[in-house]
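Per TrEMBL, the features are as follows:
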- Cys139: active site, acyl-thioester intermediate (ACT_SITE)
- His404: active site, proton acceptor (ACT_SITE)
- Cys434: active site, proton acceptor (ACT_SITE)
- 55-325: domain 'Thiolase N-terminal' (DOMAIN)
- 332-446: domain 'Thiolase C-terminal' (DOMAIN)
Amino acid sequence: MTSILTYTLKNLPSTSKWALRFSLRPLSCSSQLRAAPAAQTKSKKTLAKPNIRNIVVVEGVRIPFLQSGTSYKELMPHDLARAALLGLLHRTNVPKDVVDYIILGTVIQEVKTSNVAREAALGAGFSDKTPAHTVTMACISANQAMTTGVGLIASGQCDVVVAGGVELMSDIPIRHSRKMRKMLLDLNKAKTLGQRLSLISKFRLNFLSPELPAVAEFSTSETMGHSADRLAAAFAVSRLDQDEYALRSHSLAKKAQDEGLLSDVVPFKVPGKDTVTKDNGIRPSSLEQMAKLKPAFIKPYGTVTAANSSFLTDGASAMLIMAEEKALAMGYKPKAYLRDFVYVSQDPKDQLLLGPTYATPKVLERAGLTMTDIDAFEFHEAFSVGSPPLEKFNNWGGSLSLGHPFGATGCRLVMAAANRLRKEGGQYGLVAACAAGGQGHAMIVEAYPK
């Protein structure tokens, strides 16, 4: 494990070493279970750049994020995405015909709706003349959807883009084995009874063994949970540190839910069932109860458990992104500016979860900011391995407690940052997330003047 730490530190640029001290320090101190008090509005420079269009978030919504196998289990991904799009239309009253483009992210695709953005858009009543496409970049798929929309607006190709994402882990595609698939395809091509009988004679019972979607990295054959365990050991983040952080996430999420701060959540009437109004994975427990759980990945000495990991989640999100001049012309009061962003990639074996560590100093440098300038951090929590200063960090909960639908989380992060800045009086938010393949994303969100 020491070799992992040495390798990581030696290969980080100096700015990333500085960021690493914040993002992978031990997570203790029960006093940090409280959220920071509301910040005073600060007078800082704006990040607007000459001759570049200002791009704003008008509004963003999400249907409740639910544990897989619960109320959404009978639906398809486009049903969830359609609900998020309809929620956005209802919240904003934006005319459907002014939307120039729709982009959604997803990870585990339903084979019947591979371009789920298009199917969801049509289902939500958008014009069939409005283009829509789907992107995939693991856990930062919605981030990619958003920044693709930013690029379309910045280049002048579009004025109004809807971006979001969806994931339905309750019904993942399970395939026949390769041998079975080959036999079925060959049978379809067979022209005579003799050819069919010859193929059928080659059938063996092991052909029926199903293939599940891989949970391990294709390039390394290691699961993200194993990687989190190794990183926790390498950076001396203990089981207690991780459990304390997870408890903090669930406690703050419950507090935010009870106080009505999760305003991006829109109700969803599930066909044949009751209306779902809130996330169902928030479960504040106790350190004593959490300590009873066994390691989930590296047994018996690992420190990552079901209690300090994000759970499999169903959900969808959608955001209305516009050129500032277009939003104002239509009478909207934007919530935030979308400013500088970066994508990073590193070794998927030993640095799989370090995307935010590399992306944070890069995006701060690009924006001309420092860590102390940031008023609200919203980082994706796949596991409880580490974080920046906690007094500004994920104060309304995070992926550990709210859930993590792979293709939809990015929009939740941006809206949490935007809403927190408005509530707390801050100016700059920093959103960051890691993703499978050793990739990562970070973005600066600037509050829109009140």
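Each residue's number is its place along the chain shown, starting with 1.
The backbone N, Cα and C atoms fix where each Cβ goes, and this holds for glycine too.
Predicted automatically and left uncurated, TrEMBL annotations should be read as such.
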* Using all protein chains in view, find how many other C-beta atoms are within 10 Å of the C-beta of His404 (active site, proton acceptor). => 27
* **Alpha-carbon spacing, Cys434 (active site, proton acceptor) to Cys139 (active site, acyl-thioester intermediate), which is rounded to whole Å** => 7
* Asked: Which whole-number mean pLDDT does the model give the domain 'Thiolase C-terminal' (332-446)?
  -> 94
* Under DSSP, the domain 'Thiolase C-terminal' (332-446) has how many residues in helix, strand and coil? -> 39 helix, 35 strand, 41 coil
* Asked: Which chain-mates of Cys139 (active site, acyl-thioester intermediate) that are at least 6 residues away have a CB under 8 A from its CB, listed by sequence?
  -> Val107, His380, Ala382, His404, Phe406, Thr409, Ala433, Cys434, Ala435, Ala436
* Structure fact -> Within 10 A of the CB of Cys434 (active site, proton acceptor), the number of other CB atoms across every chain shown is 32
